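Below: one structure, written as structure tokens.
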Amino acid sequence: MDSMASPGKDNYRMKSYKNKALNPQEMRRRREEEGIQLRKQKREEQLFKRRNVSLPRNDDCMLESPIQDPDVSSTVPIPEEDMITADMIQMIFSNNAEQQLTATQKFRKLLSKEPNPPIDQVIQKPGVVQRFVKFLERNENCTLQFEAAWALTNIASGTFLHTKVVIETGAVPIFIRLLTSEHEDVQEQAVWALGNIAGDNAECRDFVLNCEILPPLLELLTNSNRLTTTRNAVWALSNLCRGKNPPPNFSKVSPCLNVLSRLLFSSDPDVLADVCWALSYLSDGPNDKIQVVIDSGVCRRLVELLMHNDYKVVSPALRAVGNIVTGDDIQTQVILNCSALPCLLHLLGSPKESVRKEACWTISNITAGNRMQIQAVIDGSIFPVLIEVLQKAEFRTRKEAAWAITNATSGGAPEQIRYLVTLGCIKPLCDLLTVMDSKIVQVALNGLENILRLGERESKQNGVGINPYCALIEEAYGLDKIEFLQSHENQEIYQKAFDLIERYFGVEEDDPSLVPQVDEQQRQFLFQQCEAPGEGFQL
């Protein structure tokens with residue numbers, strides 16, 4: 001079979017032999033919002049690194065302090081040297097450049113020194129934030145520009161209301177102009193500020209994008225030879241690409257792909273991590289967006305980075321690869337052609353549960369593909385490890401492995417399904433029938449149904465009349481569990497359980513008590529209460 005089948009053939013193939021309970025859209029599962037909110041926390045951590053410069057040595061312990069809500073800081077006594085003084089206010093509004101610089105530095109130190117900088121106190125002083133913004137325009141005084149940019153960066157690292165103050169004072173267009181400053185310190189601080197602003201929420205992100213940040217930002221990334229500037233600029237770019245509710249305007253952010261594809265070959269793990277995060281955001285969408293990412297030529301390098309020795313690179317690279325294989329069979333094949341399966345097999349053995357889970361999710365979208373792609377997973381010796389995961393891993397990882405197995409039983413050829421049975425997939429699928437997660441119970445039922453359907457077909461062809469897989473399910477206590485599911489609160493589950501028993505395990509006609517009655521008013525099956533299977537429910 002041609003692995004590059006046309007979409008039309010693909011749809012026909014899906015409809016003709018795949019389990020009707022799992023349509024192609026369900027089998028290929030887009031990523032749900034899992035809260036990789038990038039990353040107010042990360043921005044706070046970066047600001048901690050910046051604040052370290054002004055921390056006295058005996059205050060190093062503050063680095064271990066938890067990040068608190070800015071409101072908490074109002075209850076903490078502020079040392080006298082950390083107060084906003086009348087002299088500071090007077091100097092910042094003076095016409096003397098030296099006094100302006102001295103006052104701005106004092107404000108910057110206040111906003112940099114503590115884990116809980118007095119942002120509220122600063123923004124409540126009338127005209128102070130506006131004064132910082134005014135100083136951004138002082139091209140003849142780059143030191144004042146830098147100090148003002150630093151102060152505004154730290155204000156924008158706070159809550160949405162703090163960030164909003166910076167936006168409303170008109171700082172964003174000026175920061176964007178400063179990306180082309182001839183002073184690298186000013187450039188770096190400007191891009192850091194813009195990253196903080198864009199990273200707050202979708203509204204702030206879109207405001208920054210609509211101010212036409214991308215051309216000067218990409219120019220900065222192309223021309224800068226300073227590693228810290230590149231790190232901050234890539235991080236800001238990743239924040240511009242981030243978000244799903246709503247996502248950024250793809251036409252505004254997709255021009256960054258050429259620069260990202262070049263930066264994928266950076267030797268710096270921080271740069272690589274944020275490049276991969278940006279690519280994961282851009283590929284998290286419909287197939288037309290996935291195709292644009294593929295066309296930028298990043299796939300082979302993303303797959304190579306799955307084997308990187310730093311998990312902060314591996315995790316976003318895996319996320320991006322996983323998003324790409326949510327596309328159609330042809331898009332999935334691009335990743336397979338980059339030798340992704342040996343890398344995914346390696347990641348199934350990762351000590352990090354989150355990586356194992358993500359690898360299973362990625363494989364589940366590959367096994368939702370065509371039979372040649374399922375065969376590639378078989379040839380890669382991945383299914384034995386998946387079945388072990390299905391038996392032993394944490395539940396969230398077992399769920400993804402269950403999808404991978406069931407997808408293969410839905411789209412696989414008879415010999416491929418028989419292979420899964422010989423590996424022992426029936427017992428762990430039966431074990432999932434007692435979990436509390438209704439969706440996974442349905443996935444397990446679908447997998448077992450696909451196996452039983454094949455057995456029925458084989459028994460008719462062989463003229464034996466006995467479905468060989470019924471006995472295997474009974475031996476795994478699966479029949480007891482399926483019978484119990486006839487009293488499940490979920491209608492689809494109890495209907496499926498009833499159908500499986502009726503079709504494959506038979507109901508004795510002389511035992512009418514086993515046949516569910518129908519409530520004519522509610523049009524629902526009425527089942528007798530079954531005793532729970534001996535093993536009970538699992539969490």
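Cβ coordinates are placed from backbone N, Cα and C, and glycine is handled just like the others.
Swiss-Prot lists region 'Disordered' at one of the ranges 1-38, 495-532, namely 1-38. In Swiss-Prot, the feature motif 'Nuclear localization signal' is placed on 45-54, out of the ranges 45-54, 325-334, 405-414, 485-494. For the repeat 'ARM 3' (163-207), the DSSP counts in helix, strand and coil order read 35 helix, 0 strand, 10 coil. Outside the repeat 'ARM 2' (119-162), and at least 6 residues removed from its termini, the chain residues within Cβ reach (under 8 Å) are 43-44, 47, 50, 70-71, 73-74, 84, 89, 92-93, 97, 100-101, 104-105, 107-108, 110-112, 169-171, 174-175, 178, 181, 183, 185-186, 189-190, 192-193, 196-197, 200-201, 204.
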